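Undergrad: What Swiss-Prot shows for this protein is this:
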BINDING   3-17  FAD binding site
């Protein structure tokens, strides 16, 4: 059976790999000249099941106003005359209740934990390397009020048997000795001991090579113009390089998925939320992070990737343009110098932005559509790297008509098409 995967980011490449392992004849098309060159290119580098959380939560509407007014805040909203944006914002606000947050977080932790296990199995199977480390994530709190507010998250971690440690200042320094120089800057932390880190782009490149060795055909520099439907199914995909026809089709185009699906009458609540990162060469090894430190005040992740430090964060809602805004870099620089002063050479940093495909409730959208042969694997938000292997395994099992190893019903598009469509039931 022939399958066409649209998108060669970490989601598309991972899906293609597992499809090929399952015996499908796979083609992947992407507009870029190689794999993982958009959202997967320079993300924060975390594989963080324990930190998987929806952005929509109790108190977020109030915090959002504060963040927008703070020039170093983690949220920027650039108003657009775009009904899709405002529908997405309204849906997100409706998910900002304690009960919805708990439900959505449990769904996200479930797929993320499964994905981490799939990644480990893949690593053992083919020996793939990507500057990976398995030394946990430290969520660092500068204020006591932040530390006091983690009770609900901790209960969900217990529910899913996710190992964690609540640490005082000394415990944080034991986990990340580089913090010793700034020990008065924070009060404590939550350490997620099973979380990992790694270079998502390097992983995507190397898995693409493994998939190609299994017979996957990667077609680059090919822009999709339209998806053509006939008789309740996809009949083909029209591109600037010609028409592609397959038996099954997988949508893995991240933030751009809705633009191609909308003409088919398939409306998915995925909207781009731009993130920024800097990648900094290490100049002082002892002063550098060992793994990932999440600066809870700025919502910034500081991650060790080999001989580099990746600092990623901020959320900019408003358009599909990856343009760099220098004032966003100031926040990233500030977080790094606050917590790991002198660790990296900021004068040699590279600055990047990418579009995260966010759903308003948090979990991704994986599953069938009203077109019989069109499948979705999109909307992973900030957690595409964390969820990639598990999401791909779920999608491939569904395409094989095999029951996935986890309950994936709550990840389907149907959660937006019920009586609670505005919530993501």
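Cβ from N, Cα, C; glycine included.
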Undergrad: Tell me, by DSSP, whether residue 15 (FAD binding site) is helix, strand or coil?
TA: helix
Undergrad: So which of the binding-site residues is most packed in, judged by how many other Cβ atoms lie within 10 Å of its Cβ, out of 11, 13?
TA: 11
Undergrad: Counting other Cβ atoms within 10 Å of each residue's Cβ, which of the binding-site residues 3, 5 comes out lowest?
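TA: Sparsest of the binding-site residues 3, 5 by Cβ contacts within 10 Å: 3.
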Undergrad: Does residue 15 (FAD binding site) have same-chain partners at least 6 apart in sequence with Cβ under 8 Å from its own Cβ, and which are they?
TA: 5, 250, 252, 377, 391, 392, 395, 396
Undergrad: Quick one: give me the count of other CB atoms within 10 A of the CB of residue 9 (FAD binding site).
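TA: A count of 30.
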Undergrad: Ranking the binding-site residues 7, 17 by other Cβ atoms within 10 Å, which is at the bottom?
TA: 17
Undergrad: Going by DSSP, is residue 5 (FAD binding site) sitting in a helix, a strand, or coil?
TA: strand
